[in-house]
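Feature annotations, reproduced from TrEMBL:
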TRANSMEM  12-36  transmembrane segment
TRANSMEM  42-67  transmembrane segment
TRANSMEM  79-103  transmembrane segment
TRANSMEM  115-138  transmembrane segment
TRANSMEM  169-192  transmembrane segment
TRANSMEM  198-226  transmembrane segment
TRANSMEM  238-257  transmembrane segment
TRANSMEM  269-298  transmembrane segment
Amino acid sequence: FRPPRKGMLLSVFLGSGIQVFFMTLVTLVFACLGFLSPANRGALMTCAMILYVCLGTPAGFVSARVYKSFGGEKWKSNVLLTSMLTPGIVFMLFFVMNLVLWGKDSSAAVPFSTLIALLSLWFCVSVPLTFIGSFFGFRKRAIEHPVRTNQIPRQIPDQSVYTQPIPGIIMGGVLPFGCIFIQLFFILNSLWSNQMYYMFGFLFLVFVILVITCSETTILLCYFHLCAEDYHWWWRSFLTSGFTAVYLFLYCVHYFVTKLNIEDAASTFLYFGYTFIMVFLFFLLTGTIGFFACFWFVRKIYSVVKVD
């Protein structure tokens with residue numbers, strides 16, 4: 001349980017990942033119950049955006065709890081990064097793509113007043129809620145680990161090919177991507193080929209399978225790393241399942257090349273801009289699922305195993 005390098009960034013990613021996870025879960029539940037009609041194309045996006053803004057409290061709370069367990073003391077930086085980093089990246093990409101649409105006088109461009117409303121939601125609702133969550137997170141006692149960490153880091157023995165970081169991370173994303181890639185085809189068709197998507201019940205089932213697969217894959221690979229006496233599992237558990245997002249991006253590139261007839265530069269830029277937003281949020285989602293599954297597993301095994 002030695003704190004990882006760049007613990008601040010990891011805790012911020014985990015806070016944002018929790019936000020994306022609950023946003024996805026609640027949106028899918030609403031869609032399954034029939035509250036979000038497939039005929040109303042903007043309803044799903046509006047619901048997801050409002051939920052994301054309102055879920056700032058769990059993001060701040062989780063980020064603060066994890067950061068405090070790492071022994072971090074820069075709580076102001078943690079709160080600011082949790083509330084600003086992920087929404088900032090997404091908003092900047094969205095704004096740049098909107099500039100391209102304005103330049104083309106496209107009817108798809110979002111009006112300036114809507115952008116101001118989005119900024120107001122972000123700064124007046126999401127940021128204060130994140131501060132509240134962080135306040136309660138830092139007020140609570142730090143998470144106590146089941147074993148004491150040695151003051152002197154132990155030397156890690158030579159690793160086999162499978163237990164080295166990069167091969168393990170690359171392998172970890174294959175199975176979770178295999179769960180979603182058929183549904184991904186229909187989702188991309190609904191986004192870019194004007195087809196209706198209405199299989200929300202099946203999509204919810206796929207989401208549950210994705211959560212289970214991410215958790216199991218990360219736990220298995222983490223166990224192999226721990227057996228090889230490699231204790232750097234914090235970032236690796238996040239990146240192992242998070243690497244699924246790289247396969248998602250590669251599939252989007254394949255879809256662009258084989259299924260779409262887009263030739264002008266502006267449309268290509270828009271496609272890859274929206275794809276990057278989707279991939280980034282998916283990276284946070286899958287990485288967070290893998291991390292917390294692994295965190296639970298490591299705490300469980302070390303609480304029952306007697307460590308010298």
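Each residue, glycine too, has its Cβ placed from N, Cα and C.
Because the structure is a prediction, the values reported are computed rather than measured.
Using a cut-off of 8 Å between Cβ atoms, the transmembrane segment (269-298) and the transmembrane segment (169-192) share at least three residue pairs, counting only pairs 6 or more apart in sequence. Most Cβ pairs within less than 8 Å of the transmembrane segment (79-103), among stretches 12-36, 42-67, 115-138, 169-192, 238-257, belong to 115-138. Contact count against the transmembrane segment (42-67) (Cβ pairs under 8 Å) is highest for 115-138, out of 12-36, 115-138, 169-192, 238-257. Through the fold, the transmembrane segment (238-257) approaches residues 10, 13-14, 168-170, 172-174, 176-177, 180-181, 184-185, 188, 192, 214-215, 217-218, 221-222, 268, 271-272, 275-276, 278-280, 282-284, 286-291 of its own chain, all at least 6 residues removed from its boundaries and within a Cβ separation under 8 Å. Beyond the transmembrane segment (169-192), the same-chain residues lying 6 or more positions past its ends with a Cβ under 8 Å from any Cβ of the stretch are 162, 199, 202-203, 206, 209-210, 213-214, 217-218, 221, 236, 239-248, 251-252, 255, 259-260, 271, 274, 286, 290.
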